[in-house]
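> What TrEMBL records for 2-214 is domain 'Alanine racemase N-terminal'. The feature N6-(pyridoxal phosphate)lysine is assigned by TrEMBL to LYS31.
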Amino acid sequence: MSLSDIRARIAAAEAAAQRPAGSVQLIAVSKEQPEDRVLPVLEAGHRLFGENRVQEAAGKWPAWRERFGAVDLHLLGPLQSNKARQAMELFQTIHSLDRPKLAQTFARLAQELGQCPQLFVQVNTGAEPQKAGILPEDADRFITVARALDLPVIGVMCIPPVDEDPATHFAQLAEIGARNGLDALSMGMSDDFEVAIAHGATHVRVGSAIFGARR
Ligand SMILES: *Cc1c(COP(=O)(O)O)cnc(C)c1O
């Protein structure tokens, strides 16, 4: 288990970027990981986890929460509108607000449930056709729409294209956040979280570097 290694690397990256210690939150991405890899991280006291799929998370986390107490759960993957209610009940934060219809669904359910998770708007910075996210040129307008619906949008999120220098994408996301007055930046994964921290990431999403490769 290399949770402590990753923590140390985050601390070093914060210091190198002259950012305050503790300004970056580590989301341990436990999707597709077997229980014997996740339990040591829970036992080490970590309480911030990320998952990709509502169904998978709903099958694992209620029991782990019963055993370990409150766990801050973040949804990182694309969300279908028909799973929105379940997601809002399971997750404290959702990183994949990526279209007007989903914003409307969240707004309606928030009224009904009397609560809404914190939201990140996912931006498709590489404009990749197969990838979720709002296009960069549509981001400002979409953020305005989501705010007009009274949704608790706290930041923006991106997943850079695998074959490109992530730094450009992190810089672009930081700019979108800044010009919209959004402080939270969800960016950086196992291979590039230090670069993301240099560009202002507040939430890094690290899976395989903590738990090992997914099968
Ligand atoms: C799987 C996943 C991660 C973690 O990826 P690693 O390369 O294992 O760190 C981060 N963010 C999202 C959106 C993911 O789907």
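Cβ coordinates are placed from backbone N, Cα and C, and glycine is handled just like the others.
TrEMBL entries are annotated by machine, without manual review.
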> So, in DSSP terms, is the residue listed as 'N6-(pyridoxal phosphate)lysine' helix, strand, or coil?
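Going by the DSSP assignment, the residue listed as 'N6-(pyridoxal phosphate)lysine' belongs to neither helix nor strand, so it counts as coil.
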> In this predicted model, what is the average pLDDT of the domain 'Alanine racemase N-terminal' (2-214)?
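Within the domain 'Alanine racemase N-terminal' (2-214), the model's average pLDDT equals 98.
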> Long-range neighbours only, meaning 6 or more apart in sequence with Cβ under 8 Å: which ones does the residue listed as 'N6-(pyridoxal phosphate)lysine' have?
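Counting only residues 6 or more apart in sequence, the Cβ neighbours of the residue listed as 'N6-(pyridoxal phosphate)lysine' under 8 Å are GLY50, GLU51, ASN52, ARG53, GLU56, LEU76, GLY77, GLY207, ARG214.
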